[in-house]
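**Q** So Swiss-Prot has the following annotated:
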- D218, D222: Mg(2+) 1 binding site (BINDING)
- N245, D248, D476: Mg(2+) 2 binding site (BINDING)
- D678, D704, D708: Ca(2+) binding site (BINDING)
- R207: site 'Important for ion transport' (SITE)
- D252: site 'Important for ion transport' (SITE)
- D259: site 'Important for ion transport' (SITE)
- K507: site 'Determinant of potassium independence' (SITE)
- D712: site 'Important for ion transport' (SITE)
- K723: site 'Important for ion transport' (SITE)
- 20-40: transmembrane segment (TRANSMEM)
- 74-94: transmembrane segment (TRANSMEM)
- 163-183: transmembrane segment (TRANSMEM)
- 194-214: transmembrane segment (TRANSMEM)
- 264-284: transmembrane segment (TRANSMEM)
- 285-305: transmembrane segment (TRANSMEM)
- 365-385: transmembrane segment (TRANSMEM)
- 446-466: transmembrane segment (TRANSMEM)
- 508-528: transmembrane segment (TRANSMEM)
- 564-584: transmembrane segment (TRANSMEM)
- 641-661: transmembrane segment (TRANSMEM)
- 717-737: transmembrane segment (TRANSMEM)
Amino acid sequence: MAELPTSHLAAAVLTDGNRALVAVIAVVALAALVLAGVLVRQVLAAGEGTDSMKKIAAAVQEGANAYLARQLRTLGVFAVVVFFLLMLLPADDWNQRAGRSIFFLIGAAFSAATGYIGMWLAVRSNVRVAAAAREATPAPGEPEKDLALVSHKATKIAFRTGGVVGMFTVGLGLLGACCVVLVYAADAPKVLEGFGLGAALIAMFMRVGGGIFTKAADVGADLVGKVEQGIPEDDPRNAATIADNVGDNVGDCAGMAADLFESYAVTLVAALILGKVAFGDFGLAFPLLVPAIGVLTAMIGIFAVAPRRSDRSGMSAINRGFFISAVISLVLVAVAVFVYLPGKYADLDGVTDAAIAGKSGDPRILALVAVAIGIVLAALIQQLTGYFTETTRRPVKDIGKSSLTGPATVVLAGISLGLESAVYTALLIGLGVYGAFLLGGTSIMLALFAVALAGTGLLTTVGVIVAMDTFGPVSDNAQGIAEMSGDVEGAGAQVLTDLDAVGNTTKAITKGIAIATAVLAAAALFGSYRDAITTGAADVGEKLSGEGAPMTLMMDISQPNNLVGLIAGAAVVFLFSGLAINAVSRSAGAVVYEVRRQFRERPGIMDYSEKPEYGKVVDICTRDALRELATPGLLAVMAPIFIGFTLGVGALGAFLAGAIGAGTLMAVFLANSGGSWDNAKKLVEDGHHGGKGSEAHAATVIGDTVGDPFKDTAGPAINPLLKVMNLVALLIAPAVIKFSYGADKSVVVRVLIAVVAFAVIAAAVYVSKRRGIAMGDEDDADPEPKSADPAVVS
């Protein structure tokens, strides 16, 4: 690894012109928040339907608010602890330390606010979508309604709800980064590390907690309701139905919004750190200019989702909005690049690295092509994920056919599809990263900055992507409210069924793109980590390469310590995924026992003479989700600390590389296999292979219950895991070097920190493994025999 000069690190300054540009970008971010407010008013202006629908929606709202309030109180304590720990880490001065800790809290607050706002509006718009679909069924004596108009109205309400969440995501992300740059100028990249960590930590907890809640309720509801009792999904007789609908909002809405918000924040962190080195003064503003363009085009894309009569389905209108946004983004970025950036590397003020300043070529070409790679990558992943998860494509149809031979072949078919699709998606992301890397030529910093710019290119589509994702749970909840109330029938029910099918596809597609944003953000952060090692080594007077360079500073994979780090990084991804899935299994078991108890002790539930106790299941899911948060979170934070202080920063870099590689493949495998099982179930429920109630249907329900924690808990949680570990590594790298070399070298301190980190991980995993599989384990007096269903006895 070639040693780089470090004098350029303080050379870049925020010029008056760039300060004005960043201020304008901040105004664009505020405009996104204003537009979100306008969209909120439009959504809430729609009708709410019957009293029965309003009562069900109110129960969902109450459950979602109660869960998120308890979760945020829990995370608030954790955030305060991290605030003070960040003050202990090395920085150039106390102003930087204080700024890093303060903006950690701001990043955490923005991430939580994005998730909360997404959930708050989703639980209010779902009943409005159901009410809009209800208009399709005419009252006695009324003429037939225009189904296309009714469907378009319902689609617009659902997508505008997503648009609000999308605008808050990009608006708050961009506003936070702009505030840091305006306040701290050239020191902004260091302070932004705290902002990114706050966003990433809260997003990971919301992803894990929301995922456990939603899938415990979903799996429990399906196993007892569909498989054992033979009643439909969202049937009001199922005690887990309200919890299932609450989970859709706290998991898919709040979790995904926070996830993409932190991808946004973390990518900007990496782009500004590397931009300052690679593009000097211009590097402090250009990484903000690209996502600002994305904010403007997201506004266009959201309003472009206006269904037409010629559309084959609601997906046609959504795809149209996405591609219009992407194309306009590319055109505007091209204009911005050639207007803002100079035509020669020598004209990049603030760059003192001779390898960059003396480079021939045009920096505008590098910037434009790198951003274009990110935009094109988003479009390609959208199509690739759609191919493996849509009901109209061969892979899902093949899983549907396999249901004729039982649940085992359904599970096997889904696993093989997930494994295969992971390869293609990983290759596509890898090509994107490598293509951007090649743009840098002989300069490693330019190459890494190009990767970060590809990430910002991907970010230009985030506003529309969040809108697409939120569309899924809103349409799913709308169908649930309609079915529980019994007030939407005939054509109206079909409108909601069609919307739900589109929503399943949008959720699967956005998971694929979210994984790509996570990987590009992690890759860019990896570049920032390399820069941190370079700076830290120079501070203690050590070389990074050549004769006499310490082995623990080099990321040479032929060294045993680095190979161990690589394997450990991959292993953490597997352990994290296992913990998340096991948490769902335990909590789902508790839900199954509770729903069975209610059916057994309240026989009147089946003939509607008694009402289930919905609140009991909501309480179980809330308790278990919050209880299970600690172990995955501590693993993500403590594992890099243990590796870094034990094996050194070189092995820690290899650890991050192993985590990024394994995490990419694992996340895609879990997301696509789970999505394909879900849509195979929908395919059978639409009347194929025997339809609802058939053995094929029961087989696909089992497949779907296996896939639920795959696609909605473990898979999505890997995204913030990668970025949390990268940010922790980035923050501790100077401390690891400080206590390993130079005047402050201390083996005792390193060993003490490593032992504490390992003890915390071991204790967290031990406590997690000691918990029972289900609450029935703790109730030996239960005379009922345990189910022999292998999907229940997990």
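We count from 1, first residue shown onward.
Glycine is treated like the rest: Cβ placed from N, Cα and C.
Tell me what's around each of these sites.
**A** With a 10 A radius on its CB, D218 (Mg(2+) 1 binding site) counts 27 other CB atoms from all the protein chains.
Reduced to three states, the DSSP call for N245 (Mg(2+) 2 binding site) is helix.
Look at D708 (Ca(2+) binding site): DSSP puts it in a helix.
Summarising the environment of R207 (site 'Important for ion transport'), the number of other Cβ atoms within 10 Å of its Cβ, over all protein chains shown, is 30.
Secondary structure at D252 (site 'Important for ion transport'), as computed by DSSP, is helix.
Counting every protein chain shown, 33 other Cβ atoms lie within 10 Å of the Cβ of D259 (site 'Important for ion transport').
K507 (site 'Determinant of potassium independence') is surrounded by 26 other CB atoms, counting those within 10 A of its CB over all protein chains shown. Classification of K507 (site 'Determinant of potassium independence') by DSSP places it within a helix.
Around K723 (site 'Important for ion transport'), a 10 Å sphere centred on its CB holds 32 further CB atoms from the protein chains shown. In the three-state DSSP classification, K723 (site 'Important for ion transport') falls within a helix.
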**Q** Name the residues of the same chain, 6+ apart in sequence, whose Cβ is under 8 Å from the Cβ of N245 (Mg(2+) 2 binding site)?
**A** V60, N126, D234, D476, N477, G480, I481
**Q** Within 10 Å of D708 (Ca(2+) binding site) (Cα-Cα), which of the recorded positions D218, D248, D259, K723?
**A** D218
**Q** Using a Cβ cut-off of under 8 Å, list the residues of the same chain at least 6 residues beyond the transmembrane segment (717-737) that approach it.
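**A** Result: 86, 89-90, 193, 196-197, 200-201, 203-204, 207-208, 211, 259, 262-263, 266, 269, 514-515, 517-519, 521-522, 525-526, 528-529, 532-533, 535-537, 539-540, 542, 553, 569, 572-573, 576-577, 580, 632, 636-637, 639-641, 644-645, 648-649, 652-653, 655-656, 659-660, 663, 666-667, 670, 750.
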**Q** Report, as numbers and ranges, which residues of the same chain sit near the transmembrane segment (194-214): CB under 8 Å and 6 or more residues beyond its ends.
**A** 67, 71, 75, 78-79, 82, 86, 99-112, 115, 173, 176-177, 180, 243-244, 246-248, 250-252, 254-256, 258-259, 261-262, 265-266, 268-269, 580, 583-584, 587, 621-622, 624-626, 628-629, 632-633, 636-637, 709, 712-714, 716-717, 719-721, 723-724, 727-728, 731
**Q** For D712 (site 'Important for ion transport'), write down the residues of its own chain that are at least 6 apart in sequence and whose Cβ falls under 8 Å from its Cβ; none is a fine answer.
**A** G211, T214, K215, D218, G251, D252, G674
**Q** Please report the DSSP secondary structure of D218 (Mg(2+) 1 binding site), reduced to three states.
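**A** D218 (Mg(2+) 1 binding site) sits in a helix per DSSP.
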**Q** How many whole Å apart are the CA atoms of D222 (Mg(2+) 1 binding site) and D678 (Ca(2+) binding site)?
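**A** So the Cα of D678 (Ca(2+) binding site) lies 12 Å away from that of D222 (Mg(2+) 1 binding site).
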